[in-house]
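Taken from TrEMBL as is:
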SIGNAL    1-21  signal peptide
DOMAIN    25-127  domain 'Ig-like'
DOMAIN    146-216  domain 'Ig-like'
DOMAIN    223-311  domain 'Ig-like'
DOMAIN    316-416  domain 'Ig-like'
DOMAIN    421-511  domain 'Ig-like'
DOMAIN    517-615  domain 'Fibronectin type-III'
REGION    607-628  region 'Disordered'
DOMAIN    631-731  domain 'Fibronectin type-III'
Amino acid sequence: MATATIAAVVILMNFIVIASAADVPKLEIFPSQKVQRKAVGQAMILTCRPNVPSPNLVADLQWKDNMNNTILPKPTGRNPPMFTEYMTGTESLALIINHLSVEMEGKYYCTASYATNEILETSVTVKTYVGITWTNAPENQNPILGEDYVVRCEVKADPNPTIDWLRDGDQIRTGEKYVVETNGLLIRNVQESDDGIYTCRAAVLETGELVERTIRVEVYSRPAITYLPTTLEATEGKPFSANCTATGKPVPEIFWIKDATQQNVATADRFQVNPLTGVLNINSVTQDDYGTYTCIAKNDAGVVDQKTKLNVLITPSIHFLYNVTGDSQKEIALTCRAKGRPAPEITFSRWGSDDEYAAGVQVDDERITLEQHFDEEKGESSGTLRIARAQRSDDGLYQCKARNTGGTAYATGHITVQFPPDFSHMKDLPPVFSWEERKVNLTCLAMSIPNATIEWRWNGKPLKDLNDKNLQIVGTGPRSDLIVHPVARQYYSVYKCVATNILGTSQIDIQLKEARVPEPVPAAEPKQLTATSITFDIRSPPVEFGMPITAFTVQYKEAINPDWSTAMNRSWSPDSPYIVEGLKPQTMYHFRFAARNQVGLGMWGVNTQQSTPKRSAPEEPKPLHSPVQNDIEEPVVVSPYSDHFELRWSVPADNGEPIDFYQVKYCPGVKMAGTWHELENQCQSVEVADSTSYEMSRLAGNTYYRIELRAHNIIGFSSPASVIMKTTRDNPYPNGVASTDHSISRLTIIAMVAICLFNSRSILNGQLNRLVAVW
């Protein structure tokens, strides 16, 4: 009972103490911790709230800073670093700090008066620290291939942080490859395999702050120019392209700089540059483009440059070439001058010839020398073609060729070789002929440079002084014609043509002769006789140079006819066969012959008599084919076809009776050891009338045929004309499939025939017939 009473008393006393504490007026700060720790740079709010029985008795509620200065409310339109303001709907006064600095660290007080005579006060301590801040830690970093590189990761914090590194989640420790330094991670001898994602981790043990920085590492390589010729060549007036290639990571950008002006040519007219490929294009090159250029390759890893020289080739141009004139047997020089870069080589050639003169003395003509001179600095050159002891054959057009690597220029000049009059072209001319007082033209043409003047003389006197109307001069040079009217024999004489120029005089005799008919024909012998024709061999009478025989004439009559006035006549040109046709068989004829020239028919010459033979079979016909030598011991006519052949022949003499038909016989076979062996059962014979050709058809390919041709008249057959003919090889598989019925080749047949030659004639015929059956 006493214990229970004591417990009740204790509970009552505690309740009284609690009730008394709740009635004590005070100020409360939220957050309620007495020490507030915040990072520098962060924003912060502290709230002070009265905890009193009668809130309406609270007055002068305010905040004081760490210097015990009253913190003022926020002024309108401004945002100071620190200010106070009442929280809406509450009796709390907030202290707002927008950006906490180290200087703001310290104790802050909240004060108020209560019931006019009681001062309330409470405080809070603000402590600051510096949070982890990345001061030099780029998220993308690019080391250079082959070099040492520090992956930068610099961090600021207070208290000081500790730094470690991760790659692919694994911690990196200092070793041969990596060294963890205060300002970053050192990677020795960077390789492409060092590409990747690295993690820089910063920790402040006192505050428990832990921050990671992800850094992407991509290895770059410095640019290197891999192709740029030391010299470049462009041609003036033509487009030009050059290439400067470079490697590197990232792909380098390429620039072209002209050293003389330090200009980026990509900005110049006529120039284009592809910065990725390094190709430089010039639309039309000028001489000013000559000079040194620098190719620059640049990327984020570095810059490299290399120089090249652009030589501008100037196409040659010829600016000096004049025609020259010189005297025969003296020196003549033709000079050609040209410009270009490099200085062009100058050569010469005769017009129409591709053969050029070589520098120096010519091997095939030591009179001719080609001299060449070059001035590379001025881009000029000259060439002189020097001809010693010039000849008439040196006269003509010469082509100068100026050539360099930029092209070739051409110009044409003329060398004129002066020489005295020359009549060598007339020395072999025949005399001039006239007859029956016909006017005749005596022409005198003098070859000379300069042109010669011509004078005619007769009997040692100038013709112009004779005033003879029968002698008329037309032209005084270089051609002159003397028209002679030979009304008397005295005009048939020698006339002298005299040509003169500044280099000399020359003369030639031109003879005017009286022309006569030919002398009698000295001989005419029968060469071939048939029943109706005779072919003669006629010997021409002597003729004078310039008066050729134009025809031969024959008169003929039967011997029983004494009157030549009724004789038959025939004439031939000198180059034709002398055949008299249409004669009677077994008849005696008398013949006489004469020659004709421009003057007329000469006297009848040789008289001869000849009898024609009796009527007989025709002469042997002549096939009109050209055989070729073959491997069967005699010439062969080759048919262009495998299955047919057209035989053609000329008409032979009929020997007194008309030919009524021709017989053509042809047999397949082979010639072995000089003997022809025929497939007798395969021979074919046809008669051909009113034609001199016959087409043999349905022949076998690649086969030899013996052809006999005979002419026939009422008396009989002529002797046979024989031809060996071979057809060409036919296609054994015309449809792409071999035929079983014709699989034995013609060559096999010939081989079997050869074997059979050693057997008897009957065995041969039997074998051949069986082969033909297979064929």
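Positions of Cβ are set from backbone N, Cα and C atoms, glycine also.
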Helix, strand and coil totals (DSSP H, G, I; E, B; other) for the domain 'Ig-like' (421-511): 9 helix, 48 strand, 34 coil
Number of helical, extended and coil residues in the domain 'Ig-like' (25-127), per DSSP: 6 helix, 56 strand, 41 coil
Number of helical, extended and coil residues in the domain 'Ig-like' (146-216), per DSSP: 3 helix, 43 strand, 25 coil
Tally of DSSP helical, extended and coil residues in the domain 'Ig-like' (223-311): 6 helix, 53 strand, 30 coil
Average model confidence [pLDDT] within the domain 'Ig-like' (316-416): 93
Secondary structure composition of the domain 'Fibronectin type-III' (631-731) [DSSP: H/G/I, E/B, coil]: 3 helix, 51 strand, 47 coil
Three-state composition of the domain 'Fibronectin type-III' (517-615), taking helix and strand from DSSP: 3 helix, 44 strand, 52 coil
The domain 'Ig-like' (316-416): DSSP-derived helix, strand, coil residue counts: 3 helix, 68 strand, 30 coil
